[in-house]
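For reference, the structure discussed in these notes is given below.
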Amino acid sequence: MTRPDDGITLGRATRGDATSSPDRASARSRLLRFLLAVGVAAVAVWVDQGMKALALARLSEADRVPILGDWLGLQLAFNPGTVMSLGADATWLLTVLAAAASIALLIAATRARTAGWAIAIGLLWGGAVGNLLDRLLAPPGFGRGHVTDFLAYGNLFIGNLADVILGVGVGLGLLLYLRKANT
């Protein structure tokens, strides 16, 4: 039984139900984009943490293994700060900021409007969580852990795969933004 013109069904389907079909499709699309972001983030964290474990097992702080001559190599380092050890005296603050960024990216993942944005957010989220795990679990202690770095860029700095993943996520996000701005 249906009341006239209100689209509310008390028994059988009415014409008012047709509007719920696009809503369901939209909700399904949002869910799929969210799951894409979660999947990308999970793979990013898995690869980052796996490479860090391999670096801890095989590399030393004293020796550099050249990959592209002096331009790129492998060398173990422990970083209490951010890029080029900035903020080394505020590891606990960096941990809080990384946790807040991870939560913000989780929320952003629920709002991704395209698959491209879901991938970009997933990359950013995965990179942030990869380094956050080090800050939470690595020595010298909870919330003060040093990030494991192993990608030596000449004599500039030593980073890790999470940093690369973050950079790719930022680059993809920038491309998507610029593409949208030009249309």
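Glycine too: its Cβ is placed from the backbone N, Cα and C atoms.
Any TrEMBL annotation is an automated prediction that lacks curation.
According to TrEMBL, the protein carries these features:
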REGION    1-23  region 'Disordered'
TRANSMEM  31-47  transmembrane segment
TRANSMEM  90-108  transmembrane segment
TRANSMEM  115-133  transmembrane segment
ACT_SITE  Asp149  active site
TRANSMEM  153-178  transmembrane segment
ACT_SITE  Asp163  active site
*Inter-residue Cα distance where the pair is Asp149 (active site) and Asp163 (active site), in Å*: 9
*asked:* At a 10 Å cut-off from the C-beta of Asp163 (active site), count the other C-beta atoms across all protein chains.
replied: 22
_Around the Cβ of Asp149 (active site), the count of other Cβ atoms that are within 10 Å_ = 24
*Non-local residues, at least 6 beyond the ends, that sit with Cβ under 8 Å of the transmembrane segment (90-108)*: 41, 80-82, 121, 124-125, 128-129, 131-132, 135-136, 143-146
